[in-house]
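As written in TrEMBL, here are the features:
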type     : residues : note
DOMAIN   : 1-286    : domain 'Sugar phosphate transporter'
TRANSMEM : 27-51    : transmembrane segment
TRANSMEM : 63-84    : transmembrane segment
TRANSMEM : 90-110   : transmembrane segment
TRANSMEM : 117-134  : transmembrane segment
TRANSMEM : 140-157  : transmembrane segment
TRANSMEM : 178-195  : transmembrane segment
TRANSMEM : 215-236  : transmembrane segment
TRANSMEM : 243-264  : transmembrane segment
TRANSMEM : 270-287  : transmembrane segment
Amino acid sequence: MVAAWYASNIGVLLLNKYLLSVYGFRYPVFLTACHMSACALLSSLAHAYAAGAPARRRSRGQLARVAVLGAVFCASVVAGNVSLRYLPVSFNQAVGATTPFFTAVIAYAVAARREACATYAALIPVVAGVVIATGGEPSFHLFGFIMCVGATAGRALKTVLQGILLSSEEEKMNSMDLLRYMSPVAVILLVPATLIMEHEAFGVVATLAREDPNFIWILLCNSSMAYFVNLTNFLVTKHTSPLTLQVLGNAKGAVAVVVSILIFRNPVTFMGMLGYGITVAGVVLYGEAKKRSK
């Protein structure tokens, strides 16, 4: 199960990078629409064929709150895919590791949720590591960096909003049910966004499909993996402890960095790797501080 989680997570990340940067398919909004369409279709099929009790009816208010989460989720995924056009996967993962920092800041700003002093102190190396990695990144791109930071902040905002908007026991959903409701919202937002921002994408896809039959298979595989990332994450979360999940998550980021460097041969520096290591160490300290404060 953990191997499947790693394979799907790292696989979709590397395929996104390959399509958007190496292959030259420069349409991140269209690509995200494909991902969300696959998530909507496969999660609905999985729910339809799952054994068990019938689905609980959701109130209009709850669905409206899920729609807000879907919009934030959609924006963060688009920003993440845009960043992969300009940044190597290794640096993308280093910035993404700062999610706990943004979660703590947004939780305080939005919900006035305070953490212990030790927890905030543990965030210092998280941010310091990214500052060091940024200074040592030979492939740094300002717009890509801004998009990557936006994607990381968007993921943190979704986490905070989910805790606020779906806080009651009656409204709580597991991650797969939430995906089933959020992904159609994302598709509804992304299709018109694609028509406005990347209107030539459909024609390019048709041309590439005629010239390179493998392109469609890559696109379908990539889109399906986006669903299996969520499915395997749900299963690993269900069958492991929070501590094990944290360790596995940190290791997954490191594995993604190593594999991406081996495949794409992007230049790395000692300062860049040192910064990423400091950030990961800060994330581990943050998790320990939160556990002790509870």
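From the backbone N, Cα and C atoms, a Cβ is placed for every residue, glycine too.
Of the Cβ pairs linking the transmembrane segment (27-51) with the transmembrane segment (117-134) and spaced 6 or more residues apart, fewer than 3 are under 8 Å, so the two regions do not touch. Contact between the transmembrane segment (117-134) and the transmembrane segment (270-287) is supported by 3 or more Cβ pairs under 8 Å, counting only residues 6 or more apart in sequence. Taking pairs at least six residues apart, the transmembrane segment (243-264) and the transmembrane segment (90-110) share three or more Cβ pairs below 8 Å and count as touching.
Comparison of 63-84, 140-157, 215-236 by number of C-beta pairs under 8 angstroms to the transmembrane segment (178-195) places 63-84 first. Here the transmembrane segment (270-287) does not lie next to the transmembrane segment (140-157) in space: the count of CB pairs under 8 Å, restricted to residues six or more apart, is fewer than 3. For the transmembrane segment (63-84), same-chain residues at least 6 beyond its ends with a Cβ under 8 Å from one of its own Cβ atoms are 13, 16-17, 20-21, 28-29, 31-32, 35-36, 92, 95-96, 144-145, 147-148, 150-155, 157-158, 161-162, 165-166, 171, 173, 178, 181-186, 189-190, 193. In the predicted model, the domain 'Sugar phosphate transporter' (1-286) shows an average pLDDT of 90.
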